[in-house]
Amino acid sequence: MRRGERRAHGGNVGKAALEEQPPPPPAQPNGGAPGAERDGAGPRRSTESEVYDDGTNTFFWRAHTLTVLFILTCALGYVTLLEETPQDTAYNTKRGIVASILVFLCFGVTQAKDGPFSRPHPAYWRFWLCVSVVYELFLIFILFQTVQDGRQFMKYIDPHLGVPLPERDYGGNCLIYDPGNGTDPFHNIWDKLDGFVPAHFFGWYLKTLMIRDWWMCMIISVMFEFLEYSLEHQLPNFSECWWDHWIMDVILCNGLGIYCGMKTLSWLSLKTYKWQGLWNIPTYKGKMKRIVFQFTPYSWVKFEWKPASSLRRWLAVCGIIFVFLLAELNTFYLKFVLWMPPEHYLVLLRLVFFVNVGGVAMREIYDFMDDPKFHKKLGQQAWLVAAITATEFLIVVKYDPYTLTLSLPFYITQCWILGIILVLTWTAWRFFIRDITLRYKEIRRQKQEHRYEKDKCLSNGDGHSALLDEPNGSKLQERKL
């Protein structure tokens, strides 16, 4: 369905990466906001930006379903009629699997349902939705193999895989200044400045754009460092120096990435979202600016998670943090059990995949929490991300249960038990004990007011309250008297 048709029917319009649902009606003649309703679902939320759009529908926004079908049929016809099939069974198997995946992606890009994002183009986000399905199916296939067969299957993707690789130990000498090294006393710091430092920064910059909350980002960042401390007896590369954990990771890389992300969020929330068709802009400078802005959000919604407002939102926020941390741990454990070096391109592709699907999933989760009357079920991308995270963890459990069952050191177990008890205690106090106490105080206050009004009635002598003598006395006060 075309973009203009989606607006006309008040359907679910897609969005940009880290962008929000726009109001469907066009801009009003008086220059006001383009309608007071959002996709026909009620008034626009207070955290959602206003959008002005002239409604231009160009060739760029059309679905092109017939064009894609024609090109796909021609390609398959060429392979069938004009290309000689090789006699290599392994090669034909690989090419057949790749062709099947490409056909599925073509179908999904043209026919799948739009998500909450539409920039730079809705087809881009439909593509990543289909990639999510393919990746989940691949994980399920790996899950049903034996450990040896699963590891050797990775050789079909890259012949260099399928062999055990030693993990790098980031601990060792943790002196910031090493006086024993006369050539370079700061060699320990330079050894840690590898390609993962900018990866940490950009990773947390993008995570901040997904979560859109400073507190949640800092909690996840700090908790992951505690997890590295807790699990360094299982994976050697979790063993890092204290200054690598807290100075280089939390403060410099993660902290700076979160800070830059929050500044970007502030700019996006203040930005004016006014869109014109490219051919409606008279100047070349304006056209170039419009092309660049095509890669920015269509509109914006500020996330207000409010975890302490209700038990439902508190449990949802805790679940989001848990899935985030589990997905982070899966990165390291999958490399360990499938024998993939940290610098392998498959590891990078997985991170790129989560960057693209994570923003959509977080927006769908927020809509499901914040507007349950309109969003009655969890979004498709959020559902797939949760399924992928769970499947990755199950692969780790099956392929190396011995490593996962290595008991935690006693002092670490004590720390986690204490933390869990504190969280449960706060939860019970905030959502049960405190509510009961406030309810009791409110009932007591109402009884005192009722007693005071009753005494005031008797003091009038005629048995009527002075409040009833007023012409505008409320019905509630009359019932009490």
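For all residues, glycine too, the Cβ spot is worked out from N, Cα and C.
Unlike curated entries, TrEMBL annotations are predicted automatically.
Model, not experiment: these values are computed from the prediction.
Listed in TrEMBL for this protein:
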REGION    1-51  region 'Disordered'
COMPBIAS  36-48  compositional bias 'Basic and acidic residues'
TRANSMEM  59-81  transmembrane segment
TRANSMEM  93-112  transmembrane segment
TRANSMEM  124-144  transmembrane segment
TRANSMEM  214-231  transmembrane segment
TRANSMEM  243-262  transmembrane segment
TRANSMEM  314-333  transmembrane segment
TRANSMEM  345-362  transmembrane segment
TRANSMEM  382-399  transmembrane segment
TRANSMEM  411-432  transmembrane segment
REGION    456-481  region 'Disordered'
Any contact, the transmembrane segment (382-399) to the transmembrane segment (93-112), with at least 3 Cβ pairs under 8 A: no
Among 93-112, 214-231, 314-333, 345-362, stretch most in contact with the transmembrane segment (124-144) (C-beta, under 8 angstroms): 93-112
For the transmembrane segment (411-432), distant same-chain residues with Cβ under 8 A (at least six beyond the ends): 229-230, 308, 310-311, 314
Positions whose Cβ lies under 8 angstroms from the transmembrane segment (314-333), at least six residues beyond its ends: 207, 211, 216, 219-220, 223-224, 227, 231, 235, 237-238, 305, 307-308, 347, 350-351, 354, 362, 365, 369, 385-386, 389, 392-393, 396, 400, 404, 427, 430-431
